[in-house]
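Some notes on the structure that comes next.
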Amino acid sequence: MIILKKKKIDNLILNRNIEALNKNIEVLNEGIKTLNNKKLSLKEKSNKNINILFTFINFLIAFCNLAISLINYNKYITIIFIIMSAILMIFSYFYFYIETFKNN
């Protein structure tokens, strides 16, 4: 009789420990989900910053191309380069503006 009561008590304690472990596992799973979401948002921010950097570099390259074309203005083909550089600078400026102030 005493042995049976002791086994019941041991089983109850074991069941409570299993329930507590299950709750801890659920909490850990929620923590993992939130960490994964934060990791994704950091990756998106990093991609956005890289896009902004490349757009700025693109703008600078177009500006340098425009400056070189204006310096060597004695050829007809430089008019095409001037137009292309100006259009590229305008589009990169607007893309930079949109990417910088989007979701703010």
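Just so you know, glycine gets a Cβ as well, placed from its N, Cα and C.
According to TrEMBL, the coiled coil annotation covers 4-45. Sequence-remote contacts of a segment are chain residues at least 6 beyond its ends whose Cβ falls under 8 Å from one of its Cβ atoms, and the coiled coil (4-45) has none.
According to TrEMBL, the transmembrane segment annotation covers 50-71 (among others).
Packing against the transmembrane segment (77-98) from elsewhere in the chain are residues 52, 55-56, 58-59, 62-63, 65-66, 69-70: each is 6 or more residues past its ends and has a CB under 8 Å from a CB in it. Taken from TrEMBL, the feature transmembrane segment applies to 77-98 (among others).
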